[in-house]
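First the structure, in the form of structure tokens, and then the observations on it.
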Amino acid sequence: SKLAALFKHPLYNIPVPEVTEKDKLFVVNPMEKFSLHSSGSDEWVSSSKAEALLPTGKTAYDTYPTWLKFHIGINRYELYPRRDPLLPTLLRDLATQRIVSSVQKSGGTQLKLIMTFPNYGQALFKPMKQTRDQETPIDFFYFSDFERHNAEIAAFHLDRILDFRRIPPVSGRLVNITKEIWDITTDKKLAKTFFISPAGNVCFYGECSYYCSTEHALCGKPDRLEGSMAALLPDKTLAKRRSWRSPWRRSYHKSKKAEWELNPNYCAQVRETPPYDRGHRLLDLIDMAILDFLMGNMDRHHYETFEKFGNDTFLLHLDNGRGFGTHSRDEPSILAPLQQCCSIKKSTYLRLQLLATQPYRLSDVLREALAADPLAPVLAEPHLQALDRRLGKVLVAVGHCLAR
């Protein structure tokens, strides 16, 4: 296994700083226990009376559902640890747990659903919109592109392979539109958009600002639909997040260009602007630009951080559905933060060099990681090959910086 060998490499064993109480997103009462209702339902309850139900040797933490353990594990330095024993269980839960509620997520340009499991866990469902081998048409603007379910899955694994670990876990899942959405939704607006197509397939389109119409309906075969299931982050009422506008945001206009596209010395003014004038925020942004370039994602207008940790924490890499749309061409402008600032974390650079070598080739380790997903193959082969080509271009860009 190239993937196992990669994660054993010394570059993937650099210790994170010691996590103190103030570095944790949540500080929990170690005596608080969770147990199932004795009525036989699958709902979890917090209960101090659970003591008698616990087999000897089990701690209160052992009674928590996996999604809750994931939330409790978030700290200032990482969304989840490198060797997270929870990860396989959490991915399996996302792919297999019974869905008890499906409602449309408000906002956004395209249809997304929030699905709830019996243990109060929740996931964001992005349905399949195009096949693996379809490329984004060359005349499409980045802001009118489809969001791809398989891009969300692949982005999570790529982010982990780069050792960023800033994307919440994502699994593919085959959903039954009738039983797992239509029959159980309490969302009246969503419920009104279901219909049976002339081919006898179950379809729906929801309500949103772009692709929510009968022309863009999502249809099952006859009611089976692929999608990505992303573990939801803690509710914002419990863990506030701050949204930051990216300095390298595109203009989102058909003819206007952004300032960074016109000014080659743009990075100099970014370096003088908080929070990029101190700490590792700018370097984290360059990490994100490299991730986006590798998957061809031009749609990174904002990023988020957990408010509790102030400016000294990692960036959340959310909404990656517009990645992996093209494999036959690369978009060099995504690398502007790296090229204009000529800065990169040493650890990131060393890992990129490692992933360009035969024993740890990026396409090979990502292919291996994706093979375990329920919807494998997640990416068409040309997308995997494009990763190696793009990685070479990132290393060339760093080489130019070193030469300068």
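Positions of Cβ are set from backbone N, Cα and C atoms, glycine also.
So that you can see what the record holds, here are the features copied from TrEMBL:
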BINDING   Gln110, Lys126, Glu147, Ala230, Ala231, Leu232, Leu233, Glu304, Asp319  ATP binding site
BINDING   Glu147, Asp319  Mn(2+) binding site
DOMAIN    194-403  domain 'FAM20 C-terminal'
ACT_SITE  Asp299  active site
Please report the Cα separation of Gln110 (ATP binding site) and Asp299 (active site) in Å, rounded to an integer.
14
Largest CA-to-CA spread of ATP binders Gln110, Lys126, Glu147, Ala230, Ala231, Leu232, Leu233, Glu304, Asp319, angstrom:
20
Who sits close to Ala231 (ATP binding site): which same-chain residues at least 6 apart have their Cβ under 8 Å from its Cβ?
Trp67, Phe70, Leu90, Leu94, Gly121, Ala123, Pro168, Pro169, Val170
The residue listed as 'active site' to Leu233 (ATP binding site) - Cα separation in whole Å:
21
Per-residue Cβ crowding (10 Å cut-off), top of recorded positions Glu147, Asp299:
Glu147
Run through the Cβ atoms and count how many others sit within 10 Å of the one on Asp319 (ATP binding site).
23
In sequence order, which same-chain residues at least six apart have a C-beta under 8 angstroms from Leu233 (ATP binding site)?
His71, Ile74, Pro168, Ala239, Arg241, Leu316
Across the domain 'FAM20 C-terminal' (194-403), what does the pLDDT come to on average, as a whole number?
95
